[in-house]
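Take a look at the structure set out below.
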C-alpha cells in the first residue's frame, strides 16, 4: 500500500506501507486551527477527531 503521510499544509509526501491494507486521513481542530494528519493503517481515534480510511494507493490525499 502507498499512502500520503504529510500533515496539514505540508507539501505532499508518500510512504510505502508493507503489509498494510488501508490509508487514513484524520482531521481535528485545536488552538492552531484545523489539523490534518495522513498515514498508513486505520487507527482508532478519540471523540471529536474525524477519520477517513480507504483501501487504494494514495487514496488519503
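Each Cβ is built from the backbone N, Cα and C atoms, and glycine gets one as well.
Fair warning: this is a prediction, and the values are worked out from it, not measured in the lab.
A simple way to gauge crowding: the CB of residue 23 (disulfide bond) has 28 other CB atoms within 10 angstroms, across all the protein chains here. Under the heading disulfide bond, Swiss-Prot lists 3-23 (among others).
Residues annotated as disulfide bond in Swiss-Prot: 17-40 (among others). Annotation for residue 40 (disulfide bond): same-chain Cβ neighbours under 8 Å, separated by at least 6 residues, are 1, 3, 5, 15, 17, 20, 22, 23, 24.
Per Swiss-Prot, disulfide bond is recorded for 42-53 (among others), and the stated evidence type is similarity to another entry. Note: residue 42 (disulfide bond) has non-local neighbours 22, 24, 51, 53, i.e. same-chain residues 6+ apart with C-beta under 8 A of its own C-beta. For the recorded site, residue 42 (disulfide bond), the DSSP three-state label reads coil.
Of all Cβ atoms in the protein chains displayed, 16 besides its own lie within 10 Å of the Cβ of residue 54 (disulfide bond). What Swiss-Prot records for 54-59 (among others) is disulfide bond, and it gives similarity to another entry as the kind of evidence.
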Validating a neighbour-count step here. Other CB atoms within 10 A of the CB of residue 3 (disulfide bond): how many?
25
Can you name the residues of this chain that are 6 or more positions from residue 59 (disulfide bond) yet have a C-beta less than 8 Å from its C-beta?
3, 23
